[in-house]
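Undergrad: If you scroll down you'll find the structure; I have some questions about it.
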């Protein structure tokens, strides 16, 4: 294998067929330290530190001062503090939370997280809040608020993989979903962080045979919906790739570059596997970052298919489509404090 090649970045030109690759990064551009991660959240900054949360026992946390050197932080939930409601939602659940997302609202940070079992639809998205992300702050501590949305066998959706966003009018939304009938959207109450309009069914945004890991992003006058197609959690056999659609309204419809609606299986590829950099997934913006940086995970074919953190930036074509650039992958990393199981 050519170890100098990183992810193929699909340049979305007229037919988005021109491919570029990242040359081998110099040492200071390779992510270092505690880089093992799966399903990273939005990266948020507080008091000079960047924080990211990820799938793992108790929900894993990491922090960095420069987005390059990463340190392991404490779990959100200790083993004896797993919310009591989780066992009723997903029988057999053992505290291995998935795919969080985080946003700041007023004086608190809101962390949305997934409770499920692999291949099951009996799932829920929960919410925990804290006034600070700094574990050394006396005010630090996550308080569980409860269930935002729950799914049962036979529902039109699977309640995992949240992505939260505030629109131009100050309304707050959460995209979510995995397999079943695809990616859905609900409105959140800014006062509580919980779901509004419980009587209204979630709106479907995107559909495909294997789809999950939605991310909502606003750029200029448009909203973008990133999703993963393919299979995660299989190490070097993973087939994840990232697709995108665009809309002038957060509720859709989201169309790809060819005008095909994502609700009808559309989506333009923006990241896929190349060589030993396998299965890129779960786009995670750096909140408030004017350089349009984002994180994602991938499976390292040079390191037994371990899932690791990567960082890149969006650049934008003249007609307003995102192109991934400046991709920075991870080095060998340090041993994590907890096992990084993919899903369950």
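Placed from the backbone N, Cα and C atoms, the Cβ positions cover glycine too.
According to TrEMBL:
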type: ACT_SITE; residues: 39; note: active site, proton acceptor
type: ACT_SITE; residues: 212; note: active site, proton donor
type: BINDING; residues: 39, 119, 158, 159, 160, 161, 178, 179, 180; note: substrate binding site
type: SITE; residues: 282; note: site 'Important for substrate recognition'
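Give me the local environment of each listed feature.
TA: Residues near residue 39 (active site, proton acceptor) in space but far in sequence (CB under 8 A, at least 6 apart, same chain), listed by position: 54, 55, 98, 99, 100, 161, 213, 281, 282, 297.
Here the Cβ of residue 212 (active site, proton donor) has 26 other Cβ atoms within 10 Å, regardless of which shown protein chain they belong to.
The DSSP secondary structure for residue 160 (substrate binding site) is coil. For residue 160 (substrate binding site), other Cβ atoms within 10 Å of its Cβ number 27.
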Undergrad: Between residue 178 (substrate binding site) and residue 212 (active site, proton donor), what is the CA-CA distance rounded to a whole number of Å?
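TA: Approximately 4 Å lies between the Cα of residue 178 (substrate binding site) and that of residue 212 (active site, proton donor).
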Undergrad: Determine the most Cβ-crowded residue among the binding-site residues 158, 178, using a 10 Å radius around each Cβ and all protein chains in the structure.
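TA: By the 10 Å Cβ neighbour count, 178 comes out on top.
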Undergrad: Have a look at the recorded positions (180, 282) and report the one with the fewest Cβ neighbours inside 10 Å.
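TA: Least crowded of the recorded positions 180, 282, by Cβ count within 10 Å, is 180.
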Undergrad: Quick check for the class: what is the C-alpha distance, in angstrom and rounded, between residue 212 (active site, proton donor) and residue 180 (substrate binding site)?
TA: 10
